[in-house]
Amino acid sequence: MAGNSIGQHFRVTTFGESHGIALGCIVDGCPPGLEITEADLQTDLDRRRPGTSRYTTQRREPDEVKILSGVFEGKTTGTSIGLLIENTDQRSKDYSDIKDKFRPGHADYTYHQKYGIRDYRGGGRSSARETAMRVAAGAIAKKYLKDEFGVEIRAYLSQMGDVSIDKVDWDEIENNAFFCPDADKVEAFDQLIRDLKKEGDSIGAKIQVVATNVPVGLGEPVFDRLDADIAHALMSINAVKGVEIGDGFDVVNQKGSQHRDPLSPQGFGSNHAGGILGGISTGQDIVANIALKPTSSITVPGDTITKEGEPTQLITKGRHDPCVGIRAVPIAEAMLAIVVMDHLLRHRGQNHGVTTETPKI
């Protein structure tokens, strides 16, 4: 299987399956001298970890990360960083019924047709369990970006079903299980999840992820535009079906005089572009939104077929999230951090000495 790596200068390769012995990743290209410990990575892993609230899957994994290589006396050495998380709460018996059936809305059918074999236990490699390693690798990128350049990457749940936030209070996000920046909407989110659990159903969600203090100049036109790589990274997250940069699809209804971001000596007058023009960062906040589909792992019966092509019905067993968007918040942060980190190192390698007479606004 190809496609297990992302990035060029800062390169992350993951491995492992949902019900395998362990998950792991290799991080190449991290500069030497970055102070990093397992505790630094654990903070974000705990935010993504399953079984931490009644709103998410009750699979209880400690997700304790181990640094196997690339760090000596608390600092990165510049060599490959090896990370490992053991799986401890697999319950493979929950999936015995789908050994010869394809779950509708999942990757079972496509994996089987592509490879001729699939690990049906929890979805195997296609499971969002794999994203634990992305979060661990992303935590390294987030720390380097913040320590060395003051870049901060944060995300929040902006919509679940038909419930949307009305305001953004960054200090509120970590005060509730939904990563919701609007305290007035937490109760509505809570009730929505309660209703879904009674129905045995699920719901979609929208997340906004923002990078602040990003230097101007990041991005490699034409095929490695910064926004193209961000979209690629965010679309690679399980269940993501749409990505917007800046105003996204709202630009369809905008006129050029409205959408363009005017420049002045004091800075940009707006940020409809989401901090990227011509595939290159403007120095403004990078703003992206992702839409996540409702998971198909529900107890509502669904039509499907067997491996032999016979019609049948399936009720998904196991422990699943009624809304995968909740735990996707730290995953979105990680993927944006990995891309920004990669492009920062690429820019530094080629354009480190470039200067202009134009002041940076």
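Just so you know, glycine gets a Cβ as well, placed from its N, Cα and C.
Here is what Swiss-Prot records for this protein:
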| type | residues | note |
| --- | --- | --- |
| BINDING | ARG48, ARG54 | NADP(+) binding site |
| BINDING | ARG125, SER126, SER127, ASN238, ALA239, GLY278, LYS293, PRO294, THR295, SER296, SER297, ARG319 | FMN binding site |
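Taking the Cβ of ARG48 (NADP(+) binding site) as centre and 10 Å as the limit, one finds 24 other Cβ atoms among all the protein chains shown. For SER127 (FMN binding site), the same-chain residues 6+ apart in sequence whose C-beta sits under 8 angstroms from its C-beta are GLU17, SER18, ASN238. Under a cutoff of 8 A between CB atoms, and with a sequence separation of 6+ in the same chain, the neighbours of ARG125 (FMN binding site) are MET1, GLY16, GLU17, SER18, TYR111, ASP119. Within 10 Å of the C-beta of LYS293 (FMN binding site) we count 17 further C-beta atoms, all protein chains included.
Within 10 Å of the C-beta atom of THR295 (FMN binding site) sit 23 other C-beta atoms, taking all shown protein chains into account. Spacing of ARG48 (NADP(+) binding site) relative to LYS293 (FMN binding site) is 18 Å (Cα to Cα, whole number). In the three-state DSSP reading, ARG48 (NADP(+) binding site) counts as helix.
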